[in-house]
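Before any comments, here is the structure.
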Protein chains: 2
Amino acid sequence: MMEHLVRKTAIKLADGRDLFYFDDSEPYVSGRATRRCDDPRPLPPRFESGDARGTSGPIMRRDPLTGDWIPMAAHRMNRTFLPPADANPLGPARPGATYQDGEIPDTDYDVVVFENRFPSLLEVPGVSNAETHPDGQDLFCERPANGRCEVVCFGPDLHTNLVSMGPQRMQTVIAAWADRTAALSALPQIKQVFVFENHGEDIGVTLSHPHGQIYAYPYLTPKTAAMLRQARALGQKTGDPEVNLIASVRDAELQAGTRVVAENAHWVLYVPVAARWPIEFHLVPRRIVPDFAALDAAQREALADIYLKMMIVANHFHREPARGEDAQPGAYLPVNYISAWHQAPLSPADGRAQLGLHCEFFSFLRAPGKLKYLAGSESGMGAWISDTTPEKIATRARQAARECVELDAFAGLDYPTTFR
Amino acid sequence: MMEHLVRKTAIKLADGRDLFYFDDSEPYVSGRATRRCDDPRPLPPRFESGDARGTSGPIMRRDPLTGDWIPMAAHRMNRTFLPPADANPLGPARPGATYQDGEIPDTDYDVVVFENRFPSLLEVPGVSNAETHPDGQDLFCERPANGRCEVVCFGPDLHTNLVSMGPQRMQTVIAAWADRTAALSALPQIKQVFVFENHGEDIGVTLSHPHGQIYAYPYLTPKTAAMLRQARALGQKTGDPEVNLIASVRDAELQAGTRVVAENAHWVLYVPVAARWPIEFHLVPRRIVPDFAALDAAQREALADIYLKMMIVANHFHREPARGEDAQPGAYLPVNYISAWHQAPLSPADGRAQLGLHCEFFSFLRAPGKLKYLAGSESGMGAWISDTTPEKIATRARQAARECVELDAFAGLDYPTTFR
């Protein structure tokens, strides 16, 4: 195993936001161009006077019917940042570009992470985080949405993606995820850190530059709360209050075997027994860890391989022919997807030992050009209905993996990962 | 108050499914044409031999990570019912039409309800409802998805909607919802009955004929389970274990007053304190009832008025100009929406006394042509982020209501409902 070296450089953007370069290749650009951050930006101050709290920071309210916290990002509607139509605001700065042209001050980068300019979650200095009761009603609760939203750019080139960038860059992205998870986990108000990627115009992604996001929530999300309830129930059933739910489900899937798609020395990939999406994979480590920061080097190297292979298989799942002038014969349209990296909640009291890092990767695409829509049952009741079965998804995924081998679609991914 | 008369006629379709006519106008068609149901349909048998249970009925599995039941409607993918492209399968039968042309055997109807031909939830006769463990794993649970899915056609004409049909037809629809709720609630395995409507092509509705659906779930949905947890917490806080959550939240909204949009003698319409959608209204009765069946005549009459006015206001919310050849100057495009009618769970042990009938009406439309997409936070974590605030929604709704008065958009709706 080669050690994967990454150089991190932290800078402050002109409006005070953090930006971090994660460089994996010479020349390391990030140390040279930070001078540009001494320039003042023609940007409004970050913390405007606005609502009753004297800030424009986002607030969140507790839904009295469900108990869910709902951040309200109304301030995001007044976005003052409108880059030119031909600009790529997530790309490296072009020579001579101003800060209005994009977010990244330097003219090259490998991987970069920065605070979202219009975040749904934001800690505003000096603001009390005490709960208040809107309209003086005991049933209503409001607090600052004092989390943090960061953007992760996976590489400098617009017309690339994680797959085309390859396993070395993937390891740099993993290193960035781990670094930011550790840093965000250290903020006192944060309850959990969520790493995710939305990919595809047809699910509302407006920026095609390869990027993901990190949300550090100041509350437990409904999905994590549900997993913790299941973990506690399993603890009661087994008599082991520290039982790990993720490991238990992974072991059951391995014993069943019927939906396992791929394995390597450190990771297992399967379609979960109760998959709810047209394509859904869960990627779980053999050695359970709470979060990215706790992955060792061997796990990270193995993850880079199986994660990219999973995405290649997903892109071959429906074999939707690529369109447009540049489309090669036999090339497929990349599938839209959401890649959701669950990490354990931060507080031991919340159940940190019982959950752990795993990826839930899913696509809305039922068939070429056909999206699964979230209708009344899903949107109104939170009650998902699957249009397929997990076994059908697994069968097609295994077949797609064999097709990928024949097409040499895994070229450059040399780590030994076995498909069923 | 006029008594609203509806004649119900139950028939069996040729493949054994129930169909119910709810007629509110002479000539009552439904008594005459049932002869056509003596004809055998060229349809496959409803309960095919297929999976391990010896049936093709849908199954459901419990997600071991969240505890959610996920019905798997894979058999729906093999739909054998492909009506001609120019047919409207929810319209009345044209003279001489065969059963392949549509679902309704008669050549006219007012309101009709029938069992979905390709349901996600279906009770299959003779099938054991016992839980099994897929792959022999204790952590995995599977059962027949033995609920019921019904389709409600609001009227015979394709190019109409509830608003254009008016308050008398709306009362017939309410009568049909009440009748079907009572009948489905009497099925022994059903835990809750959900009445809903998905409206709008851009949220995946494939049939433009005005219709809604009813799902009778054999489990408690995640949203209802969340409301029951909140109700129990409120019971503990107040010392009254029978406290009704819906009434408590409604009273807090009325006392606050800041988000109330409309009221009449029997109903209150407000934007909830923690609204999560770009447009969201909750419609709650003054006298809490568990379900539609328990509404009295005065509540139904008042509901028909305020429900239609709510939809008219929603259609004026964004003032998106209508498109197409038939568009009148000054006409607006109807908004896409999901109208979710929550009813109390059926078992007293589940907390029937603590919840009640109310409508959660919401739209994905942020602005003309702009949908809110459910990205990583919503789809992956169940953590909604609002792009606006409830107060902004309420302010715009009140303004839109005033515009509706000026435009005489409430014409024909004469029940005294007051807008703030």
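The backbone N, Cα and C atoms fix where each Cβ goes, glycine too.
Per TrEMBL, region 'Disordered' is recorded for A:32-64.
Averaged across the domain 'Galactose-1-phosphate uridyl transferase N-terminal' (A:61-220), pLDDT for the predicted model comes to 89. TrEMBL lists A:61-220 with the feature domain 'Galactose-1-phosphate uridyl transferase N-terminal'.
Look at TrEMBL and you will find A:HIS211 tagged as active site, tele-UMP-histidine intermediate. The DSSP secondary structure for A:HIS211 (active site, tele-UMP-histidine intermediate) is strand.
Under DSSP, the residues of the domain 'Galactose-1-phosphate uridyl transferase C-terminal' (A:250-361) split into helix, strand and coil as follows: 37 helix, 27 strand, 48 coil. Taken from TrEMBL, the feature domain 'Galactose-1-phosphate uridyl transferase C-terminal' applies to A:250-361.
All protein chains shown were included, and the count of other CB atoms within 10 Å of the CB of A:HIS211 (active site, tele-UMP-histidine intermediate) stands at 19.
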